[in-house]
């Protein structure tokens, strides 16, 4: 089986750091997979994203051991510019994710296409389509400097999506947004999953991860602690030992089990929780009533 | 990095390029705030000094040039003085390479060198292009020297040495406080930033 | 309309005109320079910005020129005294020197101001990029123009906040000087820290991708532009030759 992204024994230390931020990290991601990276603050998630996008070792100097391969090719052998054709990158702070030279949202989204050398007519069509997809057409003539955080984060996502990278690395896109903004951003991420993009997402909101992720990796203190599929990880109590939450439905399931309620499986999403509880009520629930 | 090999290309990192607009804005805002507070000095080269100290002479020179050109859009008098800003950027950058901003004593010496540089280059421009007039209060000082019987160029030079020395020493002190407040991790991104990271650890 | 036609000139054509005119004043006396200034005013009239243009000149160049007349008239070494009051005397030579210098300043400064009053900097940068200016350099200029008003806005907010917290922004020199640091320091620090993420944003938008960029904003270059530039430069050269020959003879 070929993997699209291979992280091979990566150990990395920032030039001014005292100890490695990543230690012997290895895992693989298949094409079209939605992979969530979870773990406490300061565990190395953002550093890992920077390594996948090639900002480590090209932008952040420091010692990098091991290798990151995209499509079989090492990031060490590619420039940040070349990698921008394959890997899109969106990060936390919406206010610093503007080019700083655009007067309108439309120009802002087009900026990446200009840099890719795409013909103007084609580019404008693609910008229109992406704005429709991300529901920001109404913002197209606004100045990016005047938008709210949630609006800007959608513009940032659109500006990356329009470049049509195969891989999207998204680092805590909603940590600075209100619930409404979060929902709109995740709506876009869901659309990208439907389009079979390979997505790597760092996120703390576990209910959303339960809903979307295929593959989950738990990182703590720079090391991979758990690596498995959605239900395997999200029903594992070990996650809680690493200052990381589980979805509230999984917590409910685990708690019920402790009190002797025999669920067939631990639910991770709202839908599964409803199913399991309905099933259980149908079978044994009456005894208690 | 300790081999002290410097090159123009190595100085112009993407980070340095990103800092140029900020440095220009700092120059322009510094001048505006100083004028709003009615301070007797210009303080309009803080950005140039800051970027030259962190990213070397050529980034500093470019920042100085662009600052004056952009100011010149609204007031063309700034344009000939671009020569001064370029020189300030270059000299500050070379002084920084020679680690001349690493102690209070050295900073005062650097301030004097920079003040003299600015005075020597700006005076002929003021004297021969603008007939001794600067459009600020310092013209009055020039007038006093002229009335005392000195030649025009000499009067202008004396005037600008007084104002430029004060201006550059105060601006450098300001830069020092700014650099002290920037994180080590961030400083290490610039070609000369490591000069300021060791002492703190 | 005539004005509309001039408006559509390539920025490089307009800047060639400004530069040629500025150089030419060094080869002639003040009547020529004053003539050039009248031409500049006529062009401003074509663009229908004459009033604005003159106000801007008043605010910038005229102040300097007035001071220069005072300084030169009083202190320029000369003998022909035009007017005297006690020990203060105004000399003919000083007035002539001031007139010659100020007429040149008027033309050079005036053409620069007129150029920028009739040209968007964005168009100037685009036209320079089309003839080979590096995209990174173009980015620096354009982003500077966007950042300045943003930082001005934030600096005003900070200064207002300082005032409401009781930091003295008026009063004696020392207290005003003290207000300078809190007014600018935090703004500088927060802006500097943002540059790292801005750099990453640019990389994420393929700014250094190994392909030739295509700019959507293109400035038109017509044959008229080309011919006008040739005309301006040839006229300047002929004028210079003529003046130098006259001067030698």
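Counting starts with 1 at the first residue shown.
Glycine too: its Cβ is placed from the backbone N, Cα and C atoms.
Going by TrEMBL, these are the annotated features:
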- B:12-29: transmembrane segment (TRANSMEM)
- B:41-66: transmembrane segment (TRANSMEM)
- B:78-95: transmembrane segment (TRANSMEM)
- B:107-131: transmembrane segment (TRANSMEM)
- B:137-157: transmembrane segment (TRANSMEM)
- B:169-188: transmembrane segment (TRANSMEM)
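Scored by C-beta pairs under 8 angstroms, the transmembrane segment (B:107-131) has its highest count with B:78-95, from the stretches B:41-66, B:78-95, B:137-157, B:169-188. Between the transmembrane segment (B:78-95) and the transmembrane segment (B:137-157), fewer than three CB pairs separated by 6 or more residues in sequence fall under 8 Å, so the two stretches do not touch. The transmembrane segment (B:169-188) shares more Cβ pairs under 8 Å with B:41-66 than with any other stretch in the list B:12-29, B:41-66, B:137-157.
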